[in-house]
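Reading through the C-alpha cells given below for one structure.
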Amino acid sequence: MKRLKKTSRGPWTGKEKWGCQGEKVRKQNEKDHTGEQQKTEHSTHSERKRRDSFGMFDGYDSCSEDTSSSSSSDESEEEVAPLPSSLPIIKNNGQVYTYPDGKSGMATCEMCGMVGVRDAFYSKTKRFCSVSCSRSYSSNSKKASILARLQGKPPTKKAKVLQKQPLVAKLAAYAQYQATLQSQAKTKSAVSLEGFSWGNYINSNSFIAAPVTCFKHAPMGTCWGDISENVRVEVPNTDCSLPTKVFWIAGIVKLAGYNALLRYEGFESDSSLDFWCNICGSDIHPVGWCAASGKPLVPPRTIQHKYTNWKAFLVKRLTGAKTLPPDFSQKVSESMQYPFKPSMRVEVVDKTHLCRTRVAIVESVIGGRLRLVYEESEDKTDDFWCHMYSPLIHHIGWSRSIGHRFKRSDITKKQDGHFDTPPHLFAKVKEVDQSGEWYKEGMKLEAIDPLNLSAICVATIRKVLADGFLMIGIDGSEAADGSDWFCYHATSPSIFPVGFCEINMIELTPPRGYTKLPFKWFDYLRETGSIAAPVKLFNKDVPNHGFRVGMKLEAVDLMEPRLVCVATVTRIIHRLLRIHFDGWEEEYDQWVDCESPDLYPVGWCQLTGYQLQPPAPQTSRESQSGSSKQKKKAKSQQYKGHKKMTPLQLKEELLDGEEYSFLQGASDQESNGSASYYIKQEP
C-alpha cells in the first residue's frame, strides 16, 4: 500500500498528559518538560531505525517531534491537590500519587445535596453520599420523579465523568473502589472508572444487541448496508510509542448496535488488545483512507516482530476483504441532520392534562430528540421531551382541524424569532376511510394506559375526532371532567381489539373496583350494555422488525421521557415489545411499539452526545427488592380506591407522602406492517 507524504500533526490522545511510556511523574514542571523532550528525541530516533526494516513507510520521512508543547499545556490545566483523608495514598517507585481537586472529581448527593469527593461516594454510579441516602432515594423514586415532571426539570448528568482524569486520579479512585468493595463484601465485577461501558457490559455477560437496521428513525438506520463481522477499517494505533497519531488496520470481531469490537490486523486469535469503539466515530475510516490522506500505517508494537514485510502482509490479508463504503462518514453526517430547529413552534400534549394540547417552543435538538418548552413558561423550566417523529407533537392548528381540546396561550403575540414548524416535518399517519363502518363512542377495546405503560387496560372510546383520531378513556379510573382521556390514532399500535390480551397471554388490567374476577369480556360487555369495537378496524400489520427476545438497546423511560436508559427486549407480541430497564424491577417495564422513535441502537447516546442512564446499581436493586411487596401492593390497590386525581390533587397528595404514577403522555410510534390478530369466540 503506497504511502503519501506524511504531514506534521500533534500527538495522539492518551499520552499527552503524562509524556511517553516509561517516564516517571515529575514533581517540578521544569524537570517534567525537560524529560519529555529527551524521551521524545530518543523515541523518534528508535522509530526511524525500526521503520527502515519494514519497507512500508515510504514517504514517512518527517515525523513531527514537537510534542512537548501541547503536553505541557494540557498538564498545566489539571492541578494535583493533596489526597482527601478518606482516600488511601498510593505509592509507586517512591512517587506519591494524589487526587485531583476539580469538577471531574466532585459529586453531589442526589438525596441530601451534600457535595464531596466523587470516588468517596456510595454505589457504583456515585450518586449518593451514603447507604441511607441511596435507599431513601430508591424508596421515594416514584414521588421524586413525579415532582420532577411537574416542575419540568431538565435532564441531569448522572454518574458520568465528563473530563478525562489523569493517571494518578484513576489510581486513587481505583484504590478507593477496591476498598469499598471489600468493606461492603460485594460480589459484582468492578465498573469502569470512567462510568458505564457498553463494551464491558456486553462482553462480561455475552449479551446481544439489536442491529441498527431495527431502528429506521435512528442515524444510518436505513443505509447501514452489510456492515458485519470481518469488515476491515483503519483506526488509530494505540499500541505505539510514536509521538504522533498513527493508524493501523483492524477487523470487526463483534457488532453491538453502533459499537464494534475491533482487533488489530496481525493479532490472529489473540484478543489481548481488542477494543470497543463506535463505528460511526470520526476516527473510523475505510481501508485506503490513510493512503489518500497521507496518514501513516504503523503496526502495533506488540506484533512488530512477527513480519519483516508488512506491506506484503497487508496486501495478502486485505485482498477480497470488505470495508466501509468510501462515503460512509458523509452518510453518517447527513443522517444526523435534523429538520427541527430551535425557536420552532409546535402543538404538544399537555403533560398535566393529557386530553389537550398546548403550544411549545423547540429549545434544543439532540439526536432528533426535542426539548420543548411550553410557550407560557417564562423561566423555561416547564418543558417536555420527545422525538421529532413522536405522535405527541403536531403542527400549529392541528388541534382545531380535528376537534381536539387545546389550551389557549396567554401570549397573544408570537415572540420575536419564533416561527411555526412546517406541517410536512411531522410524522405522517396512515389515511383511513371513516365513511363506512367505523369506531363509535362507547365501544370497548384494550389499550396501553399512558399513565402506567406496563399495563394494558379495559378502555372505552369516549370521542371520535376527525382524520381517524380517537379519544380513549381507561374504564374505572377516568376523571369526571375527562382530563385524563388521551388521543390515539385509529391505526395506533397501542390499541387492541377485545380479547387481544387473552389470546396472547398478557395480563389484562380490569376496571378499578370491578369485583367479578377473573375478568371476562363477554360478562363485562353484557353488564355494561356495550359492544366491542370491530376487529377489522384495528391495525393488524406487523413489520419484519428484526427484534429478538434478550436483545439490548437504549430506550427512553416514557415515565421520565428526558431519560434514555440501558434496556432489554424481554417479550415480543406481534409488533409489541416489552422493554425492561436493566437493574430495575419488572413493574417499571413498558410496552412499546417496534417502530417507536423512543428506541435506539446501542451506542446512540455516545454518537449523539445524549446522556445515557446506566443500569441501576446493586444498592438500588437491594432496596427495590426490600420494598417490592409494598410497591406491588400499592400498585394493585390503585384500581380499587377512588378515581384518579387531577394533577393539582396529585401534587397535593405527593406533598403528603402518598405514591402515585404520573406520565407525560403516550408513547408508541404509529406505523405499518403485516400480520393478523385472532380473537376467541365464545357462545
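Every residue number used here counts from 1 along the chain in the order it is shown.
Backbone N, Cα and C define each Cβ position, glycine as well.
Feature list (source: TrEMBL):
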REGION    1-87  region 'Disordered'
COMPBIAS  14-53  compositional bias 'Basic and acidic residues'
COMPBIAS  61-73  compositional bias 'Low complexity'
DOMAIN    100-135  domain 'FCS-type'
REPEAT    196-300  repeat 'MBT'
REPEAT    308-404  repeat 'MBT'
REPEAT    406-511  repeat 'MBT'
REPEAT    519-615  repeat 'MBT'
REGION    614-683  region 'Disordered'
COMPBIAS  629-645  compositional bias 'Basic residues'
COMPBIAS  664-675  compositional bias 'Polar residues'
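Secondary structure counts, DSSP: the repeat 'MBT' (308-404) has 22 helix, 35 strand, 40 coil. The helix, strand and coil residue counts that DSSP assigns across the repeat 'MBT' (406-511) are 10 helix, 36 strand, 60 coil.
Here the repeat 'MBT' (196-300) returns a mean pLDDT of 94 for the predicted model. Across the repeat 'MBT' (519-615), DSSP assigns 19 helix, 31 strand, 47 coil. Look at the repeat 'MBT' (196-300): DSSP puts its residues at 16 helix, 30 strand, 59 coil.
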